[in-house]
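Q: The structure that follows is given in the form of structure tokens.
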Ligand code: IMP
């Protein structure tokens, strides 16, 4: 809902008119994460005053190429390289203070200081050394990223263990640093004692504890104790873009248990974890990609190679095999011509660079699942969708598919009417190349129309290459996403 202006009931001749209130849009991934959300935020950032995170922590991540080199950001909101934008990290996040301080320092070294631009809710949960150790020890069943996010949220809900508070928050570092460090040390020591001192991470975790006071010094300037900070900005006219981490399908309740992350990733949660009233909600923007991927375990109905691919990627991530190993072993051009979908999936991973940003793990690859997207769009009332990596569909033209395979129907029951998988014949490499030059021919329009009809939402843009310029805006299809700059912020 956008704001409603009520007329004042008293003469306003000598009063300055109140500033128009702002609004918030929520941008979320619609598949299994890694849909290229940062790239879309980069394109939309000019239309917003604040870019805000509301969930997750160092389990997210995006790599940005800058004139000063490449930087991998995990916890800072996208938009750091848009100097006009204020960055906010809401109370729904689970923060690794060491990595956060490191990101801030790296940016400072690149000439991008964040003083005055970054606010972090004092109520954001604090990832502690024992969370990281527990996640590394027990996260394998799910295939977690090992960042301690699940144990951190678990302690937030637990609140107290053995009469001691375990739900530490960033504000605790600000208000009682020595107690916070002591409390973390106690819990971690208790854990290693219970293990008989066999934990392989003792030295690493002790170093973390030792460096915490220095980290607290770095973070102090950014911690925001006022829970109404974002609301006040919006009341003064700020336009907010909430940036979801992970994806809707990995939501801790809504996703497929137990193969989910431990936070809420659905757009409605932006207003809880992002510390703003939902009355400011304007629209929900979804991001998907045309070649799908998933890291970790769990169902993936359109996976090329099915269970075999899931097992292969799981084994590879356990034995830390990544892109260089695959490049040494396989020829993607050859695999692409195989009749085996598993081979095609491997080829697509190699040709489109689908390896974990933080972990380097090979991602499981799947065809575009329009049936799944339709359900997600409907469930979360997504207003418009950006579809990334459409250029990558060109690889299918060199495969035995001879067209673009897409899952259009949900499993067998109704398949006497329509098959599960459809090979879309109408696209060509020529259309995709033209598209990169900003010219959409009839075949590209036909593809866009087909996808829109299938998913029940307009496509606001399509990604036809990694560069900023190759994101083609489909303005005829999209509701106006950018409004005139607000003078009140
Ligand atoms: P966790 O969030 O580290 O607990 O991992 C839980 C599940 O979410 C695992 O399957 C992870 O691979 C997945 N996951 C977490 N963060 C991301 C992400 O940023 N992209 C894709 N998958 C993720």
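Indices start at 1 and increase along the chain as displayed.
Backbone N, Cα and C atoms are what each Cβ position is placed from, and that goes for glycine too.
From TrEMBL, here are the annotated features:
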type: ACT_SITE; residues: 34; note: active site, proton acceptor
type: ACT_SITE; residues: 62; note: active site, proton donor
type: BINDING; residues: 33-39, 61-63, 363, 389-391, 463-465; note: GTP binding site
type: BINDING; residues: 34, 61; note: Mg(2+) binding site
type: BINDING; residues: 34, 35, 36, 37, 59, 60, 61, 62, 145, 159, 246, 261, 361; note: IMP binding site
type: BINDING; residues: 357, 358, 359, 360, 361, 362, 363; note: substrate binding site
Q: Could you list the residues of the same chain, at least six apart in sequence, whose Cβ is under 8 A from the Cβ of residue 62 (active site, proton donor)?
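A: Long-range Cβ contacts: 37, 38, 72, 73, 78, 357.
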Q: If you count, for each of the binding-site residues 59, 63, 145, 246, 357, the other Cβ atoms lying within 10 Å of its Cβ, which residue has the minimum?
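A: Selected from the binding-site residues 59, 63, 145, 246, 357 on minimum Cβ neighbours within 10 Å: 63.
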Q: When you measure from the Cβ of residue 390 (GTP binding site), which residues in the chain that are at least 6 apart have a Cβ under 8 Å away?
A: 290, 432, 435, 462, 463, 464
Q: So among 34, 39, 59, 61, 63, all listed as recorded positions, which is physically nearest to residue 363 (substrate binding site)? Use the C-alpha atoms.
A: 34
Q: How far is it from residue 59 (IMP binding site) to residue 33 (GTP binding site), counting Cα to Cα, in Å?
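A: Given the Cα positions, residue 59 (IMP binding site) is 11 Å from residue 33 (GTP binding site).
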Q: Per residue, counting other C-beta atoms within 10 angstroms of the C-beta, which of the binding-site residues 39, 361, 363 reaches the highest number?
A: 363
Q: Checking your reading of the structure: which of the binding-site residues 246, 360, 362 lie inside a 10 Å Cα sphere centred on residue 61 (Mg(2+) binding site)?
A: 246
Q: Please identify which of 33, 36, 61 has the densest Cβ environment, defined as other Cβ atoms within 10 Å, among these binding-site residues.
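A: That would be 33, with the highest Cβ count within 10 Å.
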Q: At a 10 Å cut-off from the C-beta of residue 360 (substrate binding site), count the other C-beta atoms across all protein chains.
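A: Excluding its own Cβ, the number within 10 Å is 14.
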Q: Just the number: how many Å between the Cα atoms of residue 361 (IMP binding site) and the residue listed as 'active site, proton acceptor'?
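A: It is 13 Å, counting Cα to Cα.
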Q: Work through the binding-site residues one by one (145, 246, 360, 362) and name whichever has its CA nearest to the CA of residue 34 (active site, proton acceptor).
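A: Going through 145, 246, 360, 362 one by one, the Cα closest to that of residue 34 (active site, proton acceptor) is 246.
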